[in-house]
Amino acid sequence: MRRGAQQYVVARPLYSEESFAEDHETVYRHRKTMLDHIKQYFTCDARRAKNTALSLLPVIAWMKIYRIKEWLLSDIVSGISTGLVAVLQGLAYCLLASLPPWYGLFSAFFPVVLYFFLGTSRHISVGPFPVLCLMIGSVVTRLVPDEGLPHNITGFEGLTRDEQRVLVASSVTFLAGIMQLAMGILQVGFVVMYLSDTLVSGFTTAAAVHILVSQLKFVLGLTVPGLSGPLALIYTLEIIFNKITSTNVCDVVISLTIMVVVFVVKELNDRFKSKLPVPIPIEVIMTVIACGVSYAFDFKTRYGIDVVGYIPKGYEPPMAPNLHIFQETAVEAFPMAIVGFAVAFSVAKVYSVKHDYTIDGNQELIAFGASNIFGASFKSFAASTALSRSAVQESTGGKTQVAGLLSAIIVMIVTLAIGFLLEPLPKSVLGAVVIVNLKGMLMQFRDVPYLWRRDKPDCVVWLGTCIAAILLGLDLGLAAGLGVELISVVLRAQFPRCSVLANINGTDIYKDRKDYVDIYEPEGVKIFRIPSPIFFANIEFFRSKLVEAKGFLNTSCGPIKESEDESNMEELDLPTDFKDLPTRIDWSAELPANIIVPRVDVHSLVLDFAAVSFLDISALKGLKTMLKELIRVEVEVYIVACDPYILEKLHDCCFFDDEVQPSMFFLTLHDAMLYIHEKHPGSTEKKSDFEKIITTVTVHQPGGSLRSRDRHAPYPETKF
């Protein structure tokens with residue numbers, strides 16, 4: 001024992017898979033069939049009913065541990081701050097959905113109330129999310145364009161253009177909610193895992209570009225029709241540049257002033273957040289000032305700027321969705337459901353890790369699905385979470401969704417009582433607020449150089465998703481991004497980095513021979529590591545890499561001269577059935593003089609299956625063919641560290657026969673190497689005793705130091 005380090009000495013028999021199974025009894029485990037799983041899923045008892053009820057209403061669990069004295073005041077402060085921001089963002093983000101501004105207040109109220117009871121996250125702020133609003137806006141402008149007649153939809157008769165748009169937005173939200181609720185009930189919340197962080201980053205960055213362009217018409221005071229579909233962003237920019245001479249200078253001055261002030265104060269909030277009790281609500285302050293100045297100087301009449309206008313008091317009666325719109329918008333509703341949940345779940349995970357509690361993805365799907373269905377019934381549009389609003393709720397001391405409920409109460413007060421005070425608010429102010437809040441998403445462009453240096457396939461996914469979403473639109477861009485992501489995964493699995501291993505001297509450890517100097521490679525033995533699952537798409541790749549590793553690629557054949565006897569042979573005399581030809585090659589026999597085959601001194605090949613997680617039927621056939629080819633040229637093959645389930649599958653699929661036998665499977669790589677040494681002692685006689693492998697584990701201890709292995713220290717032997 002050395003100070004600061006420990007050594008271990010193990011003495012055990014040499015094990016193949018068969019010998020290990022003979023010496024160690026396994027535990028029988030009953031494998032559940034699909035019918036068993038179905039029965040278990042639909043079985044109900046009192047305990048399961050209670051757990052299900054508690055899981056469907058997470059509010060019961062966290063209300064039991066609510067600390068009134070410690071948390072209530074923080075939740076009140078957080079709720080008021082978040083509510084003020086929610087009012088402003090509800091009005092601003094509603095412009096992205098091409099709807100009258102006050103409907104954004106509905107989206108900041110109804111979904112929040114239901115999420116309070118059903119959601120598992122205690123810190124996210126539910127409500128309008130700019131990316132979802134933009135996706136809804138593209139559907140709204142497609143079915144009810146700014147110019148021209150709306151689509152022929154049953155139920156549009158007798159409605160104004162704004163009412164038609166509200167019907168479209170609420171119906172597509174209702175459909176997205178149904179999809180989310182169905183996925184939650186079916187326990188398929190894992191689908192969000194297919195949206196990698198890289199893909200979401202590229203997608204949200206593209207969405208930020210779309211949002212920025214969509215708000216230019218408000219900042220510049222221009223009248224630009226809403227467009228949707230591929231290249232809509234390019235066409236929108238073309239229209240803006242054609243009308244740039246009609247810019248309203250007053251709108252530009254107001255927007256630039258708001259953006260500069262809000263940006264500077266937000267930076268100060270970030271820099272001094274440890275010293276400020278709560279962040280300065282600069283958006284709310286500037287909105288109040290702009291609203292007062294606009295009212296005092298009558299900006300609408302004097303300068304012709306566009307203002308929010310009439311805001312009705314109270315809420316409108318519930319409304320049923322339109323089934324015809326369901327048929328028209330099903331394709332767009334599904335990516336809305338996925339994106340809304342993915343963004344909210346990602347933010348919720350961050351806060352759950354920070355504050356040490358768990359969230360349930362399937363319950364979150366149920367919560368958002370029910371919230372969107374409930375909100376859509378009252379003419380709100382799809383809800384998720386805005387990053388900036390959630391940051392306000394958490395940073396101002398919010399502990400639970402009590403803060404979210406209080407923010408909804410603030411929104412309700414504005415809707416019922418003081419909404420009329422916001423009527424003179426210029427829309428350019430709302431556009432400026434939206435653009436300033438895009439900073440976080442637009443700054444994701446900085447990820448590209450980092451990804452290119454660290455992981456080029458991930459960088460390709462980011463760029464492919466971002467460019468496709470910018471040019472094709474958010475729905476098609478998301479589909480294209482998923483396609484690029486899946487292709488990158490398939491290519492990584494199809495062309496992995498195979499390697500030839502060698503023994504690290506003095507240990508039972510085997511590493512890539514290209515990476516280390518002090519290595520030992522027994523003559524005639526090759527160790528080939530396969531670092532991925534083997535399936536139909538990569539079996540030929542592994543075959544070629546294996547041949548390359550063994551050295552067969554250097555074989556060459558000189559021109560064979562045709563003899564007179566062979567040239568005069570009748571066609572019927574030529575052999576046509578090769579099944580009766582000898583299958584095993586005698587390498588000691590003399591070759592014809594005109595054939596040149598360099599000798600490959602490999603008598604044993606070890607395949608390291610430690611990283612192989614599955615084999616499909618095509619791979620089984622290809623692997624068996626490859627093993628038989630090697631055996632027939634008198635190369636002994638050993639497979640090590642094979643997963644027990646793969647080994648079981650090989651037995652079930654009748655993989656073994658007289659040539660390919662279970663005895664070639666060994667428990668560990670070192671077991672196989674020791675077995676090869678015993679069978680071919682001549683290949684290792686030039687080295688020191690290979691059977692005596694010394695293994696040292698260096699462990700950091702509080703009372704000692706961390707020291708590397710001393711090669712000259714008298715280590716005890718590890719005998720296998």
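Even glycines carry a Cβ here, placed using N, Cα and C.
Pulled from TrEMBL, these are the features on record:
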TRANSMEM  72-93  transmembrane segment
TRANSMEM  99-118  transmembrane segment
TRANSMEM  164-183  transmembrane segment
TRANSMEM  190-212  transmembrane segment
TRANSMEM  218-237  transmembrane segment
TRANSMEM  249-266  transmembrane segment
TRANSMEM  278-297  transmembrane segment
TRANSMEM  333-353  transmembrane segment
TRANSMEM  365-382  transmembrane segment
TRANSMEM  402-422  transmembrane segment
TRANSMEM  460-484  transmembrane segment
DOMAIN    515-676  domain 'STAS'
Contact between the transmembrane segment (72-93) and the transmembrane segment (278-297) (3 or more Cβ pairs under 8 Å, separation 6+): yes
Contacting positions for the transmembrane segment (460-484) when only residues 6+ beyond its ends and CB under 8 Å are counted: 131, 134-135, 138, 194-196, 198-199, 201-203, 205-207, 209-210, 228-234, 331-332, 335, 338-339, 447-448, 451
Leading contact stretch, 190-212, 249-266, 333-353 vs the transmembrane segment (218-237) - CB distance under 8 Å: 249-266
Contact ranking winner - 99-118, 249-266, 278-297, 333-353 against the transmembrane segment (164-183), Cβ under 8 Å: 333-353
Same-chain residues near the transmembrane segment (402-422), Cβ under 8 Å, at least 6 residues beyond its ends: 66, 71-72, 74-76, 78-80, 82-84, 86-87, 90-91, 102, 105-106, 108-109, 112-113, 115-116, 124-126, 287, 291, 308, 311-315, 393, 396
Considering the transmembrane segment (190-212), which listed stretch of 278-297, 333-353, 365-382 counts the most C-beta pairs under 8 Å: 333-353
Same-chain residue ranges lying at least 6 outside the transmembrane segment (365-382) that approach it to Cβ under 8 Å: 56, 94, 97, 99, 103, 106-107, 109-115, 118-120, 126, 128-129, 132-133, 135-136, 166, 169-174, 176-185, 189, 315-316, 318-321, 336-337, 340-341, 344
Spatial neighbours of the transmembrane segment (333-353) far in sequence, C-beta under 8 Å, 6+ residues away: 120-124, 126, 129, 131-132, 135-136, 172-173, 175-177, 179-180, 183, 189, 191-192, 195, 197, 200, 203-204, 326, 359, 361, 364-365, 368-369, 372, 382-385, 387, 390, 394, 474-475, 478-479
